[in-house]
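J.: I grabbed these lines from Swiss-Prot:
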- 1-81: topological domain 'Extracellular' (TOPO_DOM)
- 16: N-linked glycosylation site (CARBOHYD)
- 28: N-linked glycosylation site (CARBOHYD)
- 62: N-linked glycosylation site (CARBOHYD)
- 82-104: transmembrane segment (TRANSMEM)
- 105-115: topological domain 'Cytoplasmic' (TOPO_DOM)
- 116-138: transmembrane segment (TRANSMEM)
- 139-157: topological domain 'Extracellular' (TOPO_DOM)
- 158-177: transmembrane segment (TRANSMEM)
- 178-196: topological domain 'Cytoplasmic' (TOPO_DOM)
- 197-216: transmembrane segment (TRANSMEM)
- 217-240: topological domain 'Extracellular' (TOPO_DOM)
- 241-263: transmembrane segment (TRANSMEM)
- 264-315: topological domain 'Cytoplasmic' (TOPO_DOM)
- 316-338: transmembrane segment (TRANSMEM)
- 339-352: topological domain 'Extracellular' (TOPO_DOM)
- 353-375: transmembrane segment (TRANSMEM)
- 376-419: topological domain 'Cytoplasmic' (TOPO_DOM)
């Protein structure tokens with residue numbers, strides 16, 4: 001079949017469109033005079049084997065294949081932008097102030113510098129840095145619907161994000177293992193010095209894992225299809241291996257270890273509760289005349305000690321549950337986006353990314369609220385630091401406050417605290 005092609009006159013200018021064609025076509029072509037100039041052939045990237053005013057000629061089109069990339073963002077409607085921005089502002093405000101108060105309490109008050117509280121302060125410090133170095137830029141990206149801070153800071157922000165995330169997970173893992181050793185193995189090995197050493201090791205390890213993102217290895221897509229640089233679809237085996245590695249370190253391995261620890265703790269608490277309830281009260285009464293009241297103190301002391309340990313375990317369990325709810329969706333999303341081209345290039349990927357990132361950031365805001373709710377020392381210290389004009393919450397009268405040291409009742413080490 002013979003086609004007739006009519007070419008319009010040549011107009012100078014630039015074009016950002018790349019046409020990818022792989023064809024061998026036979027055309028009946030009559031070129032206008034403007035196209036017969038020899039200087040125009042490099043611009044057209046056409047190689048003409050034969051050309052004649054009339055008759056059959058051969059046209060070979062050679063070009064380089066360039067994959068088409070969909071638009072970076074799908075524009076968010078105004079109500080959704082306002083909603084997401086308001087949520088982000090609330091999370092940013094609570095995360096920064098709440099975790100700052102936790103850090104200041106541990107730093108300023110010597111009584112708060114127990115091993116567990118030092119670990120919680122490190123977790124709060126990581127959450128506070130996440131609020132300062134990541135959340136504001138994600139908020140600006142939501143308002144502008146595009147990343148405006150350049151390629152270098154996009155990579156650096158991705159490094160900060162995973163650095164603080166891995167550090168927070170490491171602290172939660174250390175606390176869970178410590179609870180397991182205390183309750184199940186009855187080994188109380190953690191002290192403030194060892195806690196500081198573990199914190200230093202965890203920060204160094206987290207930095208080593210996250211640093212390759214800052215130097216472009218793996219090379220993230222910029223601009224990203226999310227409010228910040230995230231993992232995207234790729235066929236690079238090294239890129240895919242890094243995503244799997246960071247997912248294992250930041251979620252799956254800690255999840256399995258913490259879950260195993262909590263199952264062991266639950267089993268131990270169940271056996272101890274049965275032993276306490278089955279303690280023969282008659283034996284205590286029969287021995288009272290010989291041993292005084294010491295025999296009567298044992299079941300009471302065991303009950304109080306188990307109540308302390310159970311409350312401490314419950315607090316860590318709540319932190320673990322919040323971690324799972326906030327991070328499981330984002331971890332799954334990162335893996336699917338890396339290996340599924342269809343998922344990564346779908347039209348609402350930006351909106352999905354935003355909601356899942358906001359859920360991750362929500363964990364940083366919930367942690368200080370959990371400390372305030374569950375840990376009495378943090379609750380009291382927070383009220384003491386608060387100016388009198390801002391103390392709206394009702395407080396117990398002074399004569400009803402506990403006046404004895406918790407260690408006197410709970411029989412804990414001096415470096416322990418009520419968690």
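Glycine residues also receive a Cβ, built from the backbone N, Cα and C atoms like all the rest.
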J.: When the topological domain 'Cytoplasmic' (105-115) is classified with DSSP, how many of its residues are helical, how many are strand and how many are coil?
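T.: Tallied per class, the topological domain 'Cytoplasmic' (105-115) gives 8 helix, 0 strand, 3 coil.
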J.: Are there residues at least 6 beyond the ends of the transmembrane segment (116-138) whose Cβ is under 8 Å from a Cβ of it, and what are they?
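T.: Those are 88, 91-92, 95-96, 98-100, 102-103, 106-107, 149, 153, 157, 160-161, 164-165, 167-168, 171-172, 174-175, 178, 190, 192, 195-196, 198-199, 202-203, 227-228, 357, 361, 363-364, 367-368, 371, 377, 416-417, 419, in sequence order.
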J.: Report the listed stretch (82-104, 241-263, 316-338, 353-375) having the maximum count of Cβ pairs within less than 8 Å of the transmembrane segment (158-177).
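T.: Result: 241-263.
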J.: Compare 241-263, 316-338, 353-375 by their Cβ pairs under 8 Å to the transmembrane segment (82-104) and return the stretch that comes out on top.
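T.: Between the candidates 241-263, 316-338, 353-375, the best contact partner of the transmembrane segment (82-104) is 353-375.
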J.: Mean pLDDT for the topological domain 'Extracellular' (1-81), as a whole number?
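T.: Average per-residue pLDDT within the topological domain 'Extracellular' (1-81): 47.
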J.: So which residues does the topological domain 'Cytoplasmic' (105-115) touch in its own chain, when a touch means Cβ under 8 Å and the partner is 6 or more beyond its ends?
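T.: The answer is 121, 178, 190-192, 194-195, 377-378, 381-382, 385, 415-417.
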